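Data first, discussion second: the structure below is written as structure tokens.
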Amino acid sequence: MTAPVIVRAPAKVNVQLAVGGLRPDGFHDLANVFLAVGLYDEVTATPADRLRITASGPDADQVPLDEGNLAARAALALARRYGLAADVHLHIAKDIPVAGGMAGGSADAAAALLACDTLWGTGASRAELLDICAELGSDVPFSLVGGAALGRGRGELLEPVETGGTFHWVFAVADGGLATPAVYRECDRLREASGQGFTAAELPDPEPSAALLAALRTGDASALAGAVSNDLQAAALSLRPALADTLRAGTQAGAMAALVSGSGPTCAFLASDENAAKVVADALISSGTCRTARTTSAPAPGATVVG
Ligand SMILES: C[C@](O)(CO)[C@H](O)COP(=O)(O)OP(=O)(O)OC[C@H]1O[C@@H](n2ccc(N)nc2=O)[C@H](O)[C@@H]1O
Ligand SMILES: Nc1ncnc2c1ncn2[C@@H]1O[C@H](COP(=O)(O)OP(=O)(O)OP(=O)(O)O)[C@@H](O)[C@H]1O
């Protein structure tokens, strides 16, 4: 019998998410500085008589178990490319919040892709795997590579970003998710309402912040705290005004920076060290402004075979 393959893939926070105007294809050009953080989903691939998805973990009931699951789509895409049948059981041990702006589905897609590639011995090159990742979603290539990277285009064109130390983070997990397309739409609506325009023809190209990249390179948490930014934050707050209370609670507890993670509603807090992170997490939990709070560190590795 073929042994199961287990792959772990990380969640992300966007330390800079600069959003350009709406493109004719419905996406936005980004200068997206991704940082992989140490919260992981684990995908186990086992040979089966058909494609089957199961999920476990506290949020498992929110994970689709049909072909809409990004892990299933990853297996199907790899099988199609190599003329194989996607006869595999993918079990997702889910620890990344669902629809939380932390790329949980993308992590599962990258993990499933690597797991099936290993299980089936397809031997796809890194470039081929990245190509399939980009077809599956804008965040998926980063889930495969991890660490830190600048995503251009719709976020799928990655350039490595150097990091010089460990950053300590707290994530406040909200009740219920936010749909990514709705948050981008709200961003467009707010821009149009403010009179600045919202199309790619009207807005300048988004650019990465030199100060932010330098802070990552030198491992300087204070400098990073001063440089983080998220152009989707106003839209996430507009759709979920209570997130302002969560951000305030973390800041009052001593976080060096507080921002919405990607499209939200998870809020991310940078802390000076592990102890400070724990203080912020405890304060967030007792504030009642989130469902739970998790502490972790970054950068974390990308999708990795662990067994
Ligand atoms: C918010 C982020 O998580 C930041 O990393 C990503 O930009 C979202 O990446 P994702 O969830 O992988 O998104 P995709 O599955 O590629 O796209 C979902 C939808 O989000 C919107 N979308 C996504 C990426 C992008 N650069 N511009 C967009 O406008 C589009 O409406 C798209 O139809
Ligand atoms: N493996 C998966 N895990 C979780 N959700 C999935 C998965 N596959 C598909 N989905 C669907 O995708 C939606 C968004 O899930 P996901 O957890 O990836 O959101 P997200 O973390 O906000 O994404 P991102 O940060 O990339 O915008 C879910 O509501 C669910 O319907």
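Quick reminder: no glycine exception, Cβ is built from N, Cα and C everywhere.
The annotation active site is assigned in TrEMBL to K12, D139. What TrEMBL lists as domain 'GHMP kinase N-terminal' is 69-147. Feature annotation from TrEMBL assigns ATP binding site to P97, V98, A99, G100, G101, M102, A103, G104, G105, S106, A107. The annotation domain 'GHMP kinase C-terminal' is assigned in TrEMBL to 213-285.
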Checklist entry - Near D139 (active site), meaning Cα within 10 Å, which of K12, A99, A103, G105, A107 (recorded positions)? => result K12, A103, G105, A107
Next on the checklist: Out of K12, P97, A99, G101, G105, D139, which recorded positions have CB atoms lying under 6 Å from ligand 2?
Outcome noted: A99, G101, G105, D139
Checklist entry - Going by DSSP, is G101 (ATP binding site) part of a helix, a strand, or coil? => result coil
Next on the checklist: Treating G and I as helix alongside H, and B as strand alongside E, what does DSSP give for the domain 'GHMP kinase C-terminal' (213-285) in helix, strand and coil?
Outcome noted: 42 helix, 11 strand, 20 coil
Next on the checklist: Please report the Cα separation of K12 (active site) and A107 (ATP binding site) in Å, rounded to an integer.
Outcome noted: 9
Next on the checklist: Suppose we screen the recorded positions K12, G105, A107, D139 by Cβ distance to ligand 1 with a cut-off under 6 Å; which survive, in sequence order?
Outcome noted: D139
Checklist outcome for this item: For the binding-site residues listed (P97, G101, G105), most other Cβ atoms within 10 Å of the Cβ sits at G101
Checklist entry - Near A103 (ATP binding site), which residues of its chain come within a Cβ-Cβ distance under 8 Å, counting only those 6 or more away in sequence? => result A11, K12, I96, D139, F142, S143, G262
